[in-house]
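*Asks:* Dumping the structure here so I can ask a few things about it.
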Amino acid sequence: MIEMTTDNSFPPNKSKEDCRPRRKRRLVLVIVCVALLLDNMLYMVIVPIVPDYIAQMRGSSDSATPSTESWTPTALPPTLANASMANTSALPTAAGPAWPALRPRYPTESEDMKIGVLFASKAILQLLVNPLSGPFIDRISYDVPLLIGLGVMFSSTVLFAFAEDYAMLFAARSLQGLGSAFAYASGIAMIADKYPEEPERSRALGLALAFISFGSLVAPPFGGILYEFAGKRVPFLVLAAVSLLDALLLLVVAKPFSAEARARANLPVGTPIHRLMMDPYIAVVAGALTTCNIPLAFLEPTIATWMKHTLAASEWEMGLVWLPAFVPHVLGVYLIVRLEARYPHLQWLYSALGLAVIGASSCLVPACRSFSPLVVTLCGLCFGIALVDTSLLPTLAFLVDVRHVSVYGSVYAIADISYSVAYALGPIVAGHIVHSLGFEKLSLGMGLANLLYAPVLLLLRNVCLLKRSSSEREVLLDEPPQGLYDAVRLHERTAQSEDREPSSPPGPFDGCEDDYNYYYTRS
């Protein structure tokens, strides 16, 4: 009787214990999503604020002379992906009265160059730091680097709030790039680690992408409204407070300095980032991420000027042209998450289709002769970006699982490098290309690059079929995969059985396997 009583009472207690890690995992997902939201809001919140602030730094003679080139805050086009700030302010304005909160007034040419360099500085520093932040994240796990990223973002936001000259603005913007290099890579890697199995991993990463796009959407009106009615410091102080609260929540939930967290330092070290970069499959994915973000990064700083000269667009049309694209971006994320749950072996096809949609949309932009077709075309562009990002981010984690050590900091640092390459060049290079070759050739060239890269993803076709070996991995490991370092154990088990048939279909880069086998043997 006593034994029966204990048996009957054990399952409920066990179920409660099982629910605790699940709840903790969801809290970690919320923390990461808020961190990514803050990062992208700080990307975009300076759009209506910084140009006006730089305009106020003119000499006393310029400030004393009335000019239509002064700035008033406005909400300019938001970015729908993990995008750097674009110089959307570099275009002439029409003279005439308008409501100051809706009509941007643009800076001089020298100020325009300053703004372009300021916007690009974040992505440039992020590009330089990522090769170092990735191995650092792999070495000490994900929670401490995420805490570092939130702390640096907090410092950057406070510095923005109290900046008094261009040098302080540049330092704050560059400091934000340092924080983003840690926050993005460690946050996405933490999600991939906490959700090792599909389709949960794709669903969690899709939610993170939705927060990224939402942060880019709400930041310009958020910053413009608070700047108009409360002053320059208030938007930054609000973001700094949220960043501090998110860091405190991370300390409470993840406990990065506990004994359990320190024990992870004794686990195997992840694959070095230079080896991941030499993996041909990861190189194909990184190339696709860069290619798909180039149109967005180059159109943002140039499309408003083109709309003014070609479509005779009004100020509100130039300011709201990107706003409707948020809906198809989230729709694309939702669609890929649902498709991957049913047909996980077709991720390469989803991303190739996304590149084709991006290429076609980019080529159609110069053909638009009114506002409505242009909005539809840009919606198609952001829809294609959602297809590519949502398909390939889980693919990166899977490639690390089956070909390397299941530590994800370096591989997502490579993904961040891919984004940063596009958005470091956009604010500086796009304008020069338009002046020398024209907007039409720029759009056609970017569209053609995406269309030509789409067939390259056929090289990932057999790799994506490795998802069929999920159940076999559980058998070989004698336990469900834990999402951390189980790929090493799987590799050791498969190496012991020479008579077993390969669990994965042959791929186009099978000649590279000997190098990786040699690396694992030495490890």
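The backbone N, Cα and C atoms fix where each Cβ goes, glycine too.
According to TrEMBL:
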COMPBIAS  490-502  compositional bias 'Basic and acidic residues'
DOMAIN    28-472  domain 'Major facilitator superfamily (MFS) profile'
REGION    490-523  region 'Disordered'
TRANSMEM  27-50  transmembrane segment
TRANSMEM  113-132  transmembrane segment
TRANSMEM  144-163  transmembrane segment
TRANSMEM  175-192  transmembrane segment
TRANSMEM  204-222  transmembrane segment
TRANSMEM  234-254  transmembrane segment
TRANSMEM  281-299  transmembrane segment
TRANSMEM  319-337  transmembrane segment
TRANSMEM  349-367  transmembrane segment
TRANSMEM  373-399  transmembrane segment
TRANSMEM  411-430  transmembrane segment
TRANSMEM  442-460  transmembrane segment
*Asks:* Below 8 Å between Cβ atoms, which of the listed ranges 175-192, 234-254, 373-399 makes the most pairs with the transmembrane segment (319-337)?
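*Replies:* Selected stretch: 373-399, with the most Cβ pairs under 8 Å.
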*Asks:* Apart from its near flanks, which chain residues at least 6 from the ends of the transmembrane segment (234-254) lie with a Cβ under 8 angstroms of it?
*Replies:* 24, 27-28, 31, 34-35, 38, 41-42, 45, 49, 143, 146-147, 150-151, 153-154, 157-158, 160-161, 222-223, 226-227, 261
*Asks:* In terms of Cβ proximity under 8 Å, which residues at least six beyond the ends of the transmembrane segment (442-460) contact it?
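*Replies:* Same-chain contacts beyond the flanks: 280-281, 284-285, 287-288, 291-292, 294-295, 298-299, 302, 347-349, 351-353, 355-356, 358-366, 384, 395, 430, 433-434, 507-509.
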*Asks:* Honestly, do the transmembrane segment (204-222) and the transmembrane segment (349-367) touch, with at least three Cβ pairs under 8 Å and pairs 6 or more apart in sequence?
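*Replies:* They do not touch: fewer than three Cβ pairs between the two stretches lie under 8 Å.
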*Asks:* Hey, which of 144-163, 175-192, 411-430 has the most Cβ-Cβ pairs under 8 Å against the transmembrane segment (281-299)?
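*Replies:* Between the stretches 144-163, 175-192, 411-430, 411-430 has the largest tally.
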*Asks:* Where among 27-50, 144-163, 175-192, 411-430 do we find the most Cβ pairs under 8 Å to the transmembrane segment (373-399)?
*Replies:* 411-430
